[in-house]
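> Attaching a single structure in C-alpha cells format; questions to follow.
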Amino acid sequence: MFVNRWLFSTNHKDIGTLYLLFGAWAGMVGTALSLLIRAELGQPGTLLGDDQIYNVVVTAHAFVMIFFMVMPIMIGGFGNWLVPLMIGAPDMAFPRMNNMSFWLLPPSFLLLLASSMVEAGAGTGWTVYPPLAGNLAHAGASVDLTIFSLHLAGVSSILGAINFITTIINMKPPAMSQYQTPLFVWSVLITAVLLLLALPVLAAGITMLLTDRNLNTTFFDPAGGGDPILYQHLFWFFGHPEVYILILPGFGMISHIVTYYSGKKEPFGYMGMVWAMMSIGFLGFIVWAHHMFTVGMDVDTRAYFTSATMIIAIPTGVKVFSWLATLHGGNIKWSPAMLWALGFIFLFTVGGLTGIVLANSSLDIVLHDTYYVVAHFHYVLSMGAVFAIMGGFVHWFPLFSGYTLNQTWAKIHFTIMFVGVNMTFFPQHFLGLSGMPRRYSDYPDAYTTWNTISSMGSFISLTAVMLMVFMIWEAFASKREVSTVELTTSNLEWLHGCPPPYHTFEEPVYVNLK
C-alpha cells in the first residue's frame, strides 16, 4: 500500500507532496552549504581549506538551491497541487510521466553530491565554464558527474513542462477560455514553455563539454578551432530564461495571495498581468549576453543587450504596480502570507533596481564578478523566489494538510527571516561597490566589517529555518482543523475542503461563465 501510494503514485496531490518534501530537504542542504560559505567569509583568513573546496561548496550551493529547491517546490510542488484544482481537471495529463519527473530528481541529486565527494570536487561555479571545467583544470570524474546530474534534472524538467503545457491547454472545461484561468495557472504555463525552449540548449552545451572532456572533441578548445565563448553563449541562452523560470511561478502565487488578503474578488489588471508575464518570458530569451559584457563584444552588441535588458523592467513594473493597485482600497488582512507577499513586492523591486544598474554595459565592466552582482540576484532569489515560496506555503498549508499554522509564530518567523536575509545581502552592495570580487575564499582586511555583518545575518536566517520546522511540527501536533474557507471566483482550489479528497473532479466540471 505504502509502496503503491508513494513510489508508484499517479496522483497529482501525492506527487506534489513528494516534490514539496524533497524541495524542503534540498533547501536544508542548500542552506547548510550557504552557511559554510558565510562562515568562511565571516572574517579574513582561511577556515575550511583551500579555494578549491570553497568553490565546490559555492557551486553545490547554487545547483542545490536552483535545481533541487526552488524548481521542485514552485513548479513540482505548488504546480502539481494547484494547477489541476484551479482548472477543474481530475489530474495531470500524463500522471505516470509526472511520477517519473519526480523520481528523476533524487538520482540527479545523488550524482551532484557524488561529484563533490570524488577527486577534488567540481569547483567551477554553477556556470561550469571551460577551460576551468575542462579535463586539465578539473581532471577526474567530478565535472562529468555534475554534467550527468544536470542531464537528469533537465530531463525531469522537460517532461514536467510537457505535462503542464498539455494539462493547462487541454484539460480545462470546454467552456473555459485560456483567459479565464487563474494567474498562477498562467505563470506555470509560461514557465513550462520557457523550460521547454531553454533546457535543450543547456543539454547541448554540457554534452559538448562532456565530449570535450572525454572524447577529444574541441568545441570549446581554440587549439582545435573551438571557442570557449561559444559555451558561454549556449549556457546563458539557457541561464537567463532559467532565472525567469525561477521567479514566474512566484509572480503567480503572489498575485493570488495579494488578491485573497486584500479582500478582492480578482487581481487588478488581469489581462495586463498575463501579457506582462508573456512579455517577460519572450524578452528573457533575447538578453542573455548581458552576462557576458566583459568578454569583449562589439559596442553595438553591448548597446543592444543593454537596452533589451532594460525593456524587461517595463512588464515587471506593470506587475508591481498591478499588485499595488490590487491592494488599493482593499480590506487588508495582515496575515503571515500577506506579510510575505508585501515583503516580496518591496524586496523584489529593490533587486530589480540593482538589475537595471547592472544592465548598463559600461557600469557592468566594473561591477561584473563583484559582490554587487551577488547582492542583486540574492535579492530577487533569496527575497523574491523564497519569499513567494514561504508566502505560498503558509497560505496553502491548510489546503495541503487540513491543519492551520500558529499565526503568531508564522509572523515571528517572517520577521526573523526578513531581518536575516536583509542583514546578509544588503551589505554586499557596499562590498561590490568597493570592488570585492566573487568566488574567493579570502579578502583584504578592508572588507572585514561588511562581511562580518553579512555572516551574522546568515545565522539569523538559520534560526528562521529552524523555527519553520518547529511551526510545521506544531501544526501537525495541535491538529487545528480548517473550519470554513471564503470562496471567490479566483480561489476555486479550496472548493473541495481541506484537505481535498484523494480524487477531485472525477466527473467533468460544469462551468457557468458570465
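Using the three backbone atoms N, Cα and C, a Cβ is placed for every residue, glycine included.
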> Looking only at what Swiss-Prot records, is MET436 on the same membrane side as GLY45?
yes
> Going by the Cu cation site in Swiss-Prot, where HIS290, HIS291 are listed, which of the candidates HIS233, HIS240, HIS376 is also part of it?
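Record check against Swiss-Prot: Cu cation site with HIS290, HIS291, extra candidate from HIS233, HIS240, HIS376 is HIS240.
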> Name the one residue among SER434, SER441, SER454 that Swiss-Prot lists for the same Na(+) site as GLU40, GLY45.
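Answer, per Swiss-Prot (Na(+) site with GLU40, GLY45), from SER434, SER441, SER454: SER441.
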> So if I exclude everything within five residues of the ends of the transmembrane segment (12-40), which remaining residues of that chain have a CB under 8 angstroms from its CBs? That is, six or more out.
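For the transmembrane segment (12-40), the sequence-distant neighbours (Cβ-Cβ under 8 Å, at least 6 residues beyond its ends) are 5-6, 46-48, 54, 57-58, 60-61, 64-65, 68-70, 72-73, 76-81, 83-84, 91-92, 95, 98-99, 102, 105-106, 109, 400, 424, 441, 454-455, 458-459, 461-462, 465, 499-500, 502.
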> An 8 Å radius from the center of the HIS240, HIS290, HIS291 Cβ atoms defines the neighbourhood of the Cu cation site; name the other residues of that chain inside it, in order.
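Residues close to the Cu cation site, other than HIS240, HIS290, HIS291: TRP236, GLY239, VAL287, TRP288, ALA289, MET292, PHE305, THR309.
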> Would you mind reading off the Cα separation of TYR244 (O2 binding site) from ASP369 (Mg(2+) binding site), to the nearest angstrom?
21
> List the Cα distance (Å, whole number) between HIS368 (Mg(2+) binding site) and HIS240 (Cu cation binding site).
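Rounded to the nearest whole number, the Cα-Cα distance is 16 Å.
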> In whole Å, how far does the CA atom of HIS291 (Cu cation binding site) lie from that of ASP369 (Mg(2+) binding site)?
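Taking the Cα atoms only, HIS291 (Cu cation binding site) lies 10 Å from ASP369 (Mg(2+) binding site).
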> So, does the transmembrane segment (228-261) come close enough to the transmembrane segment (336-357) to give 3+ Cβ pairs below 8 Å, pairs being at least 6 apart in sequence?
yes
> Can you count the other CB atoms that lie within 10 A of the CB of HIS291 (Cu cation binding site)?
21
> Do you know offhand how many angstrom separate HIS290 (Cu cation binding site) and ASP369 (Mg(2+) binding site) by C-alpha?
13
